[in-house]
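Here the structure comes first, spelled out in structure tokens, and everything after it is commentary.
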Amino acid sequence: MWAASCLASCCAACACEACRSVVGGISRRSARIAYCGLFALSLVVSWVLREVAAPLMESLPWINHFRKTPDREWFETDAVLRVSLGNFFFFTLLAVLMIGIKDQKDPRDRLHHGGWMAKIVCWCIVVFLMFFVPNGIVSFYETISKFGSGLFLLVQVVLLLDFVHAWNENWVSKDEQFWYMALLIVSLVCYVATFSFTGLLFHWFTPSGHDCGLNTFFIVLTLIFVFVFAVVALHPKVNGSLLPASVISLYCTYLCYSGISSEPRDYECNGLHNHSKAVSTGSLTLGLLTTVLSVVYSAVRAGSSTTLISPPSSPRAGSEKPLLPFDKLEEQEDKKKDEAKPVSYSYAFFHLIFSLASMYSAMLLTGWSTSVGGSGKLVDVGWPSVWVRIITGWATASLFIWSLIAPLIFPERVF
């Protein structure tokens with residue numbers, strides 16, 4: 001018994017030392033990825049608690065204070081929402097604390113990049129305390145999460161537009177026949193996938209013998225957007241490219257599928273209702289993967305898009321200064337040592353992305369907090385999910401068209 005106790009103590013000490021080594025090795029450049037890792041950890045915790053925490057939560061009197069004990073699905077949803085609420089509070093608090101940071105001499109800059117052991121402990125405490133929060137607060141958070149999820153989807157759209165335009169410019173700038181052929185091949189593959197996917201949507205979600213006008217409207221409108229993208233991109237005055245148009249077309253088609261596949265399983269026009277469990281679980285996995293990738297990309301992109309959010313004094317803001325006389329060079333070097341180096345991106349906006357992503361991931365894991373039926377395993381199914389994704393697809397189409405025609409309307413502005 002004594003030996004087992006000593007062994008447990010040694011293991012705990014080694015684990016603590018390993019944690020200190022890991023968090024101590026997080027540098028200024030890797031801090032953004034560390035935040036992404038913490039967010040990914042919160043997703044894993046939410047997923048695990050959704051599966052195993054229901055029996056424990058049923059025994060907590062401040063949670064299960066109902067005359068009739070709710071179904072197991074209610075406790076699974078509640079566990080996910082409480083973890084998400086803790087995550088939301090943690091990143092929102094950091095976002096508020098980071099408002100107004102302009103240079104690296106600000107003490108809060110060290111808080112953003114360092115103190116990882118303290119931040120991990122604080123995150124654990126905040127998430128733990130959320131399981132003592134009254135049900136009314138969790139219910140209110142569930143309501144506002146639907147709106148926060150919509151905002152996060154719009155952020156995903158902006159990131160995707162930024163990515164495809166950068167991708168296109170990178171290959172075009174090489175000015176070689178190989179890369180032009182690569183652009184053409186990728187564009188053709190995306191269009192073939194788009195039209196094939198559209199055919200499957202008609203087959204799955206407009207079954208014969210049923211009045212499925214709403215689904216037909218969604219699919220046809222998406223197809224119209226696909227043709228509009230190509231026409232506008234190839235217009236001589238726009239001078240666009242098929243690559244961004246094809247990628248956005250495929251993404252809009254996916255959003256259309258994601259939306260109508262989330263229709264209730266008893267809806268007669270949902271042709272996948274017999275396989276809704278597998279489809280919903282697959283949609284959940286893909287949705288969480290997309291969320292993590294979006295958060296990682298936003299973290300990396302936040303550090304590279306400095307010309308958009310850096311102050312005018314930033315060395316990356318493009319300002320030019322006249323050359324100094326030789327006798328003032330040494331004096332200027334001494335001043336540079338004392339000057340505060342501007343931050344390269346907005347810390348507050350960076351943490352706000354994680355706050356919105358916490359809301360969106362909670363909605364994915366709880367099926368947008370809709371009834372999941374008797375099986376208790378169906379996720380991401382319900383009309384709120386349908387309309388959020390369909391409207392996001394329409395917003396994606398509008399933003400992409402605007403990104404193409406805006407330079408023609410406002411030629412003197414940079415977009």
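Keep in mind that glycine also has a Cβ here, set from the backbone N, Cα and C atoms.
Per TrEMBL, signal peptide is recorded for 1-18.
For 79-99 (among others), the entry in TrEMBL reads transmembrane segment. Listed as Cβ neighbours of the transmembrane segment (79-99) (distance under 8 Å, sequence separation of 6 or more from its ends, same chain) are residues 39, 42, 45-46, 49-50, 53-54, 57, 108, 111-112, 122-123, 126-131, 133, 137-138, 141-142, 145, 346-352, 354-355, 358-359, 361-362, 365-366, 369.
What TrEMBL records for 120-141 (among others) is transmembrane segment. Here the transmembrane segment (120-141) has long-range neighbours at 19, 23, 38, 42, 45, 57, 60, 62-63, 65, 78, 81-90, meaning same-chain residues at least 6 beyond its ends whose C-beta is under 8 angstroms from one of its own.
Within the chain carrying the transmembrane segment (147-167), a Cβ under 8 angstroms from the stretch's Cβ atoms is held by residues 243-244, 247-248, 251, 290-291, 294, 297-298, 301, 305, 353, 355-357, 359-360, 363, 388-389, 391-392, 395-396, 399-400, 403, all 6 or more beyond its ends. Feature annotation from TrEMBL assigns transmembrane segment to 147-167 (among others).
Residues annotated as transmembrane segment in TrEMBL: 179-205 (among others).
Listed by sequence, the residues of this chain that lie at least six past the ends of the transmembrane segment (217-235) yet keep a Cβ under 8 A from its Cβ atoms are 194, 198, 201-202, 205-206, 241-242, 244-245, 248-249, 252-253, 256, 259-260, 390, 393-394, 397, 400-401, 404-405. The transmembrane segment feature in TrEMBL is assigned to 217-235 (among others).
Look at TrEMBL and you will find 242-260 (among others) tagged as transmembrane segment.
The transmembrane segment annotation in TrEMBL covers 280-300 (among others).
Look at TrEMBL and you will find 345-366 (among others) tagged as transmembrane segment.
Packing against the transmembrane segment (386-410) from elsewhere in the chain are residues 146, 149-150, 153-154, 156-158, 160-161, 165, 218, 221-222, 225, 228-229, 232-233, 237-238, 240, 244-245, 248, 251-252, 255-256, 258-260, 262-263, 368: each is 6 or more residues past its ends and has a CB under 8 Å from a CB in it. The transmembrane segment annotation in TrEMBL covers 386-410 (among others).
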